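K.L.:
The following block contains the structure, expressed as structure tokens.
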2 protein chains.
Amino acid sequence: MILSALLTSVGINLGLCFFFFTLYSVLRKQPVNVVVYAPRLLHKEKEKSEPREDEFVLERLLPSTGWVRQAWDVSEEELLSNLGLDAVVFMRIFIFSLKAFAFAGVVGMFILLPVNYVGSQLEIDFADLPNKSLDSFGISNVNNGSNRLWIHFCAVYVFTGVVCYLLYYEYSYISSKRITFFYSSKPQPHQFTILVHGVPVSAGNSVSEAVESFFTENHPSTYLSHVVVRRTNRLQGLINDVEKMYRRVVHLKSETQSSQRVKREGFLGLFGRKVNLLEHCEKKLEELEDTVRLEQSSFAGEEVPAAFVSFKSRLGAAVAVHIRQGLNPTEWITESAPEPEEVHWPFFSASFMKRWIYKLIAVIAVIALTILFLIPVVIVQGLANLNQLETWFPFLKGILSLTVVSQVITGYLPSLILHLFLSLVPPVMIMFSSMQGYISLSQIEKSACTMVLWFTVWNIFFANTLSGTAFYQLNVFLEPKNIPKVLAEAVPAQASFFISYVVTSGWTSLSSEVCRLFPLIWSYVGRLFAGKDDDDFDVPSIPYHSQIPKILFFGLLGITFFFLDPLILPFIVVYYALGYIIYRNQLLNVYAHKYETGGKFWPIVHNSTIFSLILMHIIAIGTFGLKKLPLAASLTVPLPVLTLLFNEYCRKRFLPIFEAYSAESIVKKDKEDQNDPSISEFYDKLVTAYEDPALLELRRSRRRDGHTSPLLHDA
Amino acid sequence: MILSALLTSVGINLGLCFFFFTLYSVLRKQPVNVVVYAPRLLHKEKEKSEPREDEFVLERLLPSTGWVRQAWDVSEEELLSNLGLDAVVFMRIFIFSLKAFAFAGVVGMFILLPVNYVGSQLEIDFADLPNKSLDSFGISNVNNGSNRLWIHFCAVYVFTGVVCYLLYYEYSYISSKRITFFYSSKPQPHQFTILVHGVPVSAGNSVSEAVESFFTENHPSTYLSHVVVRRTNRLQGLINDVEKMYRRVVHLKSETQSSQRVKREGFLGLFGRKVNLLEHCEKKLEELEDTVRLEQSSFAGEEVPAAFVSFKSRLGAAVAVHIRQGLNPTEWITESAPEPEEVHWPFFSASFMKRWIYKLIAVIAVIALTILFLIPVVIVQGLANLNQLETWFPFLKGILSLTVVSQVITGYLPSLILHLFLSLVPPVMIMFSSMQGYISLSQIEKSACTMVLWFTVWNIFFANTLSGTAFYQLNVFLEPKNIPKVLAEAVPAQASFFISYVVTSGWTSLSSEVCRLFPLIWSYVGRLFAGKDDDDFDVPSIPYHSQIPKILFFGLLGITFFFLDPLILPFIVVYYALGYIIYRNQLLNVYAHKYETGGKFWPIVHNSTIFSLILMHIIAIGTFGLKKLPLAASLTVPLPVLTLLFNEYCRKRFLPIFEAYSAESIVKKDKEDQNDPSISEFYDKLVTAYEDPALLELRRSRRRDGHTSPLLHDA
């Protein structure tokens, strides 16, 4: 790629970004779009029953930058109180990356880039600047054996030091935030509750009796109550049916013309005798509700050998979690309970062995998917080429023969297919994660986040770098000795690809994030065809498992190319700066938090950054070797070792804080509770907090609009 | 090696063994040797003050087999009550190995050996049996691509299954023994006590105050008392001096001629004025004791930020160990306390970082020693060859020119040097282990045991197999793909070496174990020259860290050569059968247990066996590949995977039992204590149980023989 081509691409993408931002600033002001662009705020207002003003002013049609200022002005405390610690940690990724790459950018652009540019290894004729190949800005242009490479060597050391310092600072900052957050939290059910798996049941006893007798025996002073888990998949399905039917009844009632309520009974409502549709639906709804009640009452039998056990103090729960309970380590397995709202009910597999085997299968499936992902994609891309399409759809022949069309198809179809497949990955990983027997949504998302991250690194970084067959790639990793050399040869060659990847994929993903094009179109379609009203909207939760890997991957690119081709750094800085504003805006307006992990996503960020650093070091060793500076290569070897030691120190110093709270803080909170008069009320709530929602009594409550609703009894 | 040579060697070694056993059966009956052959029994009798009869009967000079019957007759319960669970576990290694290799021996000798023998791959001419090469009994003699190799394939699968079943059985047997042992134990200080490291001390506060306030704050209901650790290396040295001096005084007093008590003051007692030696020594002893007392009283300042904290219940201690205590994970680090007698006082390094760095250095040192051990050995062996000796010691020239002498030197000197170096390894590993910051002798020995095991496997198995330079060996492990092929080529070639290794080194080590030649000679020397009397003897502790690796290494040889060269199996069965009797005898008569880990050595045995199995599988894959049976090679691949899964299951099912006791059992024991009237007395003892012996008051007490002794106040 030459410089002018890069600049053109940058210009086009920058223009597109600003176009989308302008579009967004107009669209967001239309009241009709408020369900797309500010569902969180809308939901909050609804709760407070504040009506929204809908008057039309001209200003609504003018683009403005008010949202940028708004997003910029939010303080971390506001973010924390509105969206919890996870959102703060999410934003810290941007702050950390901005700091790191601001430093890297200055070093790269003002020291490394000039050094590379004056090299003459590539023997590019001194033509005018715009036609220069991008390679002349990379390390490949520095002459072999040149002492200038020591500048790169120093840069690698200094940059590693700076990143490690920033990592340490962030880890310590977020740790202290986490502890403060815990200290300021009110008593919450999950702090007092554990989940116990693998309850051994002797003949003639129920699970409930076994749990009761075990915990009154072994934790007499702290045990409070328990709730046995039941298998409710089928019941949950029925309840979903009830809710669907209920919505339909409500919808039918709200429609003014009663004529529409009459429909024929038979196929597609076209044949058979006419019935009053509303009456028909209401009758069906009642039938369904009866079935649910019947199921619920006859459901005592299907107990799973697992239970939520609540304690009178946090320390009681901590003791039960941290000390092995039963004589047999595969029985009475305990873990901390998640928040009641985020319990993943569908999957409570019975035995220790089953959980373990499922976990194994999931791990194998993820590895297989990650390694072999490209094979089906390449095949499908091959099938979707021009000739194949002509064979399948002969009527397209005319259109396909047009040059423009064929260019678009050959140019964009493969990339489109790749992106389609890629967008399927996060949901698939969520599926695999939930197979692993995690009991909470947050654990599932955290696990999926890690998986998607490694998937991205493998399939975008390594698969692009080590072009060739999948088997060849595997071969490289079976011969560890050659890795530095292979990477040092392959990675710099892909510099221009990754620069344009940052500019296109990175920047575009940000503008599509802010514009929310799919939800926007979906909302219009819903309103036009399905007759959905504004009351009927979901507040999306922050999709950590798909966003964090994407953001971290650009960090990996920045770190690995820092000394290879510093030209990538300004684009990455721009990405993080834009991302900082846009995600703050989205967190404020769009997303709500469904659960609170207390910052448990940060260790993933830390580990990923350490991995990027090590990868950079390995490439550096290979590069100095290839550049005939073996001394520099040898002197780089201690760097990954030191980095790993630093990582090990952080694991010991900070990671335990993210795994569990200390006795000191637990006891302090427990003592506060003892002086709290409302604690007995809390205990009453705690006893029923972990009832399976599917087993709660179906209740019809009058809503303010007068409809009857099969709400679930929730207190 | 040919068969007749092997048989000769077996005959010689068998003869030697029986000679030593006969010698032992005579020597052990001499009253003068009782301190060598039955120090444990002697110690027990001394405690009970039973006098030993010394009458001479002729029978004393006749060899007998009574000791074999005696050793055979001991039941596991007796072993358990006399020597604790560790000794039982130690004997289970023999029982497990005997079972496994009895099966392997039958399969190997009656199925695999005939199959190998009728092969014709090696084209050895059908000479008479005695002159046949041992190779014709190995798998190398089976024709390439022959379907008979499927018999080996099945044998590998069946043998793995049998070994895994036996491993599972033993693990479960020992686990249940461990739990029973805990249930039947009396309240012991270490069950109620933890060690806390990294006590943060604010200015103006002492460590003791910090510990006191932290535990009364966070464990108000269970905290009992604490003892701060102090740096006492120098004091310990002084106390050792006092004891040495005291012994000298006692010795001088017991000597009858008072003339010997007079000695000159000056150099070597030859010049200067005459003094009464006894008076001189007694004066010195008193001076030393005064210094010790002064040191002890002025010692309040040198506190280490660590303390032994005792609790009122086992559960209290378990809570403090299993839940992270302080906000900062590098402070208030807790671990279970060892038994008071086995605390390793000398090493209490101050900070978290220091401990961690020491650990790292020790690990690196062990790895370096393990990998590079052979280099200095080979060099020293080179220096000690014939020509070198002649250059150094010209006067030996005459002797060295004799054929017999030169043959002995060239034949035995290198092997002697290797054995000398090898015998240095266990003490060196103990030194490295104690550097790692372990606080108890048992932890140090356990860690040293693992290290010595890997050292043995690397330096005897791999270094012999992969002959060549150390760097070449390392190279193999950098190319994991080639490992099976390299091993499959190299290992079978060493079959006859390892067979003679079992016969010579294995059997000989057993007879030297039973005869205790070094302690025997030492005791004679002591009695003749140093005038030691029979009262002055040590009961040795079981040297697990040097014995277990030796025993396990023969298991590794048996497992890896099982299908390669089954001829090794009978010799290994003989080794284990002899070992079973001999070690039972030694445990009964010689060794005492200095500590009780409750069977924590078993996981090492389990892991080592799993490693041997995986090694066998890797060699099998390589061998089937070399033998042109790629299908068998591929079908063997699942075997290591299944074995690892089995191991993973065992880790989950049994390992936690060996790491800590469960809440269920702890609470049960605590409840028993509540009904025990003697518990308050125990609490009183507990408070002072972990005083550093160096800080206890020096006290002169009258022993029954009338000597005054600077005994340490111990209650």
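Heads up, the Cβ atoms here are built off N, Cα and C, so glycines get one too.
Heads up, here are the entries from TrEMBL:
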DOMAIN    B:5-170  domain 'CSC1/OSCA1-like N-terminal transmembrane'
TRANSMEM  B:6-27  transmembrane segment
TRANSMEM  B:89-113  transmembrane segment
TRANSMEM  B:149-168  transmembrane segment
DOMAIN    B:191-346  domain 'CSC1/OSCA1-like cytosolic'
TRANSMEM  B:356-380  transmembrane segment
DOMAIN    B:359-624  domain 'CSC1/OSCA1-like 7TM region'
TRANSMEM  B:451-474  transmembrane segment
TRANSMEM  B:551-583  transmembrane segment
TRANSMEM  B:604-625  transmembrane segment
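Help me understand the surroundings of these features in the structure.
P.N.:
Long-range neighbours of the transmembrane segment (B:89-113) within the same chain, counting only residues 6 or more positions beyond its ends whose Cβ lies under 8 Å from a Cβ of the stretch, are 76, 79, 137, 139, 151-152, 155, 158-159, 162-163, 166-167, 170, 173-174, 542, 544, 547-548, 551-552, 554-555, 558-559, 562-563, 566-567, 569-570, 572-573, 576-577, 579-580, 583-584, 587, 599, 601-602, 605.
A Cβ distance under 8 Å defines the sequence-distant neighbours of the transmembrane segment (B:149-168), meaning residues of its chain 6+ beyond its ends; these are 96, 99-100, 103-104, 107-108, 111-112, 115, 139, 142, 559, 562-563, 606, 609-610, 613, 616-617, 620, 624, 627, 629, 632, 635-636, 639, 643, 646, 650.
When pLDDT is averaged over the domain 'CSC1/OSCA1-like cytosolic' (B:191-346), the result is 79.
Within its own chain, the transmembrane segment (B:356-380) has Cβ neighbours under 8 Å at 349, 417-418, 421, 425, 428-429, 432-433, 435-437, 451, 454-455, 458-459, 463, 470, 474, counting only residues six or more beyond its boundaries.
Taking Cβ pairs closer than 8 Å, the transmembrane segment (B:551-583) reaches residues 10, 17, 68, 71-72, 90-91, 93-95, 97-98, 100-102, 104-105, 107-109, 112-113, 116, 134, 137-139, 152, 155-156, 159, 163, 453, 456-457, 460-461, 491-492, 495, 498-499, 501-503, 506-507, 510, 513-514, 604-605, 608-609, 611-613, 615-616, 619-620, 623 in its own chain, all 6 or more past its ends.
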K.L.:
Please indicate, using numbers and ranges, the residues of the same chain that are 6 or more beyond the transmembrane segment (B:6-27) and have a C-beta under 8 Å from a C-beta there.
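P.N.:
Same-chain residues near the transmembrane segment (B:6-27) but 6 or more away: 33, 37, 60-67, 130, 134, 496, 499-500, 503-504, 507-508, 510-512, 514-515, 520, 571, 578.
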